[in-house]
Amino acid sequence: MAEQESLEFGKADFVLMDTVSMPEFMANLRLRFEKGRIYTFIGEVVVSVNPYKSLNIYGRDTIEQYKGRELYERPPHLFAIADAAYKAMKRRSKDTCIVISGESGAGKTEASKYIMQYIAAITNPSQRAEIERVKNMLLKSNCVLEAFGNAKTNRNDNSSRFGKYMDINFDFKGDPIGGHINNYLLEKSRVIVQQPGERSFHSFYQLLQGGSDQMLRSLHLQKSLSSYSYIHVGAQLKSSINDAAEFKVVADAMKVIGFKPEEIQTAYKILAAILHLGNLKFVVDGDTTLIEDGKLVSIIAELLSTKTDMVEKALLYRTVATGRDVIDKQHTEQEASYGRDAFAKAIYERLFCWIVSRINDIIAVKNSDTTIHGKNTVIGVLDIYGFEIFDNNSFEQFCINYCNEKLQQLFIQLVLKQEQEEYQREGIPWKHIDYFNNQIIVDLVEQQHKGIIAILDDACMNVGKVTDEMFLEALNSKLGKHGHFSSRKLCASDKILEFDRDFRIRHYAGDVVYSVVGFIDKNKDTLFQDFKRLMYNSSNPVLKNMWPEGKLSITEVTRRPLTAATLFKNSMIALVDNLASKEPYYVRCIKPNDMKSPQIFDDERCRHQVEYLGLLENVRVRRAGFAFRQTYEKFLHRYKMISEFTWPNHDLPSDKEAVKKLVEYCGFQDDVAYGKTKIFIRTPRTLFTLEELRAQMLVRIVLFLQKVWRGTLARMRYKRTKAALTIIRYYRRYKVKSYIHEVARRFHGIKTMRDYGKHVQWPTPPKVLHRFEEVLQAVFNRWRASQLIKTIPASDLPQVRAKVAAVEMLKGQRADLGLQRAWEGNYLASKPDTPQTSGTFVPVANELKRKDKYMNVLFSCHVRKVNRFSKVEDRAIFVTDRHLYKMDPTKQYKVMKTIPLYNLTGLSVSNGKDQLVVFHTKDNKDLIVCLFSKQPTHESRIGELVGVLVNHFKSEKRHLQVNVTNPVQCSLHGKKCTVSVETRLNQPQPDFTKNRSGFILSVPGN
């Protein structure tokens, strides 16, 4: 929802004034300044008045209020214009720029920083690390450039003494991916001299006030500002900037940006070398010029990583090449001082340009492929020096004010002139609005052959000694009739102008008197080649790379370089062309007073700025004109989805008719005009409403496209999956067939083999058939087993099954299972085993068969048993398919105990060769015995007993638990005990003895 300011703050947009007049404009501007509302709109132009105090209107909360909002929805603010430029760039994939203009001290630099801060804050919602790194470096670059390029002037404590234009590159998602900085005309003369009340660049004061004692000692510096000739003028001046604190901020910023420690140290060394250069004094001894303090030369040589004698020679001599001859021409004292100052200025300028270049290298767009990432778009931010009128205006002010004339001309061309011409060209009814066109002043300065710069260049190229006075005379003769140029010679009664020194230009911002003193010298920008060779031969690679032209041979003839004014003019023309190619947004900064006071609003001072900035004319054009215009084709391409008559394609006679239909459908026909090739929309609100309708339709279109595309993807995915499954199925079938064919080939004729194919190696199956191979091998093994079983007599099959059962239960857990011998089972009836008693046992067995009706005898054997009273006796066990009988062989095999097999829960045997076995019963009355044989002795029968019992239980589909352990756990009438087995050498036969935990079975040793 739109939020409007209360009327007590005046009109938030000058376009809304009741009458367009200077008094009402100024009254509204004053009211808003006094109420703390420093920003006011003129349509899409922001007028900013410097408050000269900190305001709490730039925090995160304020950023969120303006993020993604339209201009009319929020009160005027820099963030509103920044968001508008960002949205235009993102919506239309069109490069935009924000031009910040105004005179020195009007707040341009601060405005540019807040705009950068806003753009950084609203981008990269996904918090990508690389984007955050780029944003951080873009923001940090500001304070580094301010330290080396800004200075305190009489009008501004943080005045930009260079021009800066920064391009911020964005990817197709609108996130910053890099940038590039262009710098213009650093005021390097400030290095060696400043006007009263002003300082040199901040960097010198920050180094001296913020550098550690150890650092200053290494640079041979002391904290006293007044000790250095180049900066002593501003040594006692108070500044709102904390130099010591800023030193640390700048050093940290350089590290964050990516400057290497040795590069940062080189920058400090250059600053120190310049300060020491300023303290160099020259004396004359006869015809010889000497350096007063040779120690300073050594210090400078150390800081610049070169030799002392080379520094001294460069300061005192100039190498002149005449044909093949090379001579050293000694300087006069005046020439040496001039060379020293030129060297100091050049070193600082190279340092500054190198810093800008390094920042550009680091923040440059990397790995950006438009075919992959889409078109990169740009937002340009121009923060350049404002219009300046000082007590003494020299070459630098001339260039700065020319720059402002060019920017004003751009504003006139785009906002006032081109707009009105476009209305007439398109046939839109329009009443012409008069305005001052400063093209005549721009031509006065830059016109080929006739402009001031051309005349200055001609003077510099003349052979012989050319003076500034001669240059002024040339201006008088060639520009004497120009209405915006005058001098004392042309206007003898004007005593403000000095003879042979001053000339006046009537700029759009007011009359400025320039002193020609230094124009020739500053335009030539002479630096002897000796200094360039000196720096190129430095052992410091950073310094060496700053002076590539130093590698030229002494005798090499070079072309005359372009003059400083021409270089600046060319850069300004390129800058304006660059800005004109983008969609511009303007911030017009106004300085309320010259005292830097937050309370004073100087009406006359502000009115003058409003007049020369053309703000009133801007209001008139905006009120009478249209906020937006677009060709019918592009307009239709963007908004056609809003109307059913134009979506997806229209069938009307022309795009113009289609646009009319669309506008009427939306009900905006009263707010538009139709030109020959373009539609014109009067109010921004209509455009914003169109954008909202488009955004709503885009959601529906995107959902529809997503639905169709997802359906298409699903069908494609299904077809691919189905095809893949078909391929997999057929491939698996092929692999199975191949595998089975190979198995069939290898196992062909195994019935005739002696081992029925046991030696045949199985082929390696595919991974998917591993389980199949296991099943197939199991089938083969069962078949092979059946073939082997066929050879076994039927009478031996029960014994075989019992042995198999024993192996399954005991293999790997007991050493001797008795598998190699025949298992008789009923050993009590065997005469070899019991020759004396077998005849007695058989009748007892028959009687039990009659009585208990058992079918088969499973096992019988003599045993030694122990009971719960620790009594050990010889007994026998007789196991049938129904019962387990405990018998006394000494009493003709009298049955002492009968245990039904269904009451048997399991067996426990030890893991040794002993014959211990425990029969576990449900009533916890376990039977503990040790099997023994008489003939042969020590025959192992445990495997046989376990096998026949397990096999019998299996035939009845019951499970018999068999435990193999030592000691063996058992229960005698509910009492838990253990039976452990020990081997003793002198033990004649197995025997049980009592111990604390149960019993010990002692068996004979080997």
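Here the Cβ of each residue, glycine as well, is placed from N, Cα and C on the backbone.
Keep in mind that what you see is a predicted model, and the values were worked out from it rather than measured.
The N-acetylalanine annotation in Swiss-Prot covers A2 and is backed by similarity to another entry.
The feature domain 'Myosin motor' is assigned by Swiss-Prot to 9-695.
Annotation note: G107 (ATP binding site) sits in a coil segment as assigned by DSSP. The ATP binding site feature in Swiss-Prot is assigned to G102, E103, S104, G105, A106, G107, K108, T109.
Positions annotated as phosphoserine by Swiss-Prot: S200. DSSP assigns S200 (phosphoserine) to coil in the three-state reduction, outside any helix or strand.
Residues within less than 8 Å, Cβ to Cβ, of Y536 (phosphotyrosine) and separated from it by at least 6 positions along the same chain comprise K544, W547, P548, E549, G550, K551. The annotation phosphotyrosine is assigned in Swiss-Prot to Y536.
Taken from Swiss-Prot, the feature domain 'IQ 2' covers 721-741, and the record attributes it to sequence analysis. Per-residue confidence over the domain 'IQ 2' (721-741) averages 90 (mean pLDDT, predicted model).
As annotated by Swiss-Prot, domain 'TH1' applies to 812-1005.
Beyond the domain 'IQ 2' (721-741), the same-chain residues lying 6 or more positions past its ends with a Cβ under 8 Å from any Cβ of the stretch are 763, 765-766, 768-769, 772-773. The Cβ neighbour count for G107 (ATP binding site), using a 10 Å radius and every protein chain shown, is 25. The two recorded residues, G105 (ATP binding site) and S200 (phosphoserine), show a Cα separation of 17 Å. The two recorded residues, T109 (ATP binding site) and S200 (phosphoserine), show a Cα separation of 18 Å. Sequence-distant neighbours of G102 (ATP binding site) (same chain, 6+ apart, CB under 8 A from its CB) are S48, K108, G386, F387, R588, C589, I590, K591, Q609, L613.
In the domain 'IQ 2' (721-741), helix, strand and coil residues by DSSP number 21 helix, 0 strand, 0 coil. Ranking the binding-site residues E103, S104, A106, G107 by the distance of their Cα atoms from the Cα of S200 (phosphoserine) places S104 first.
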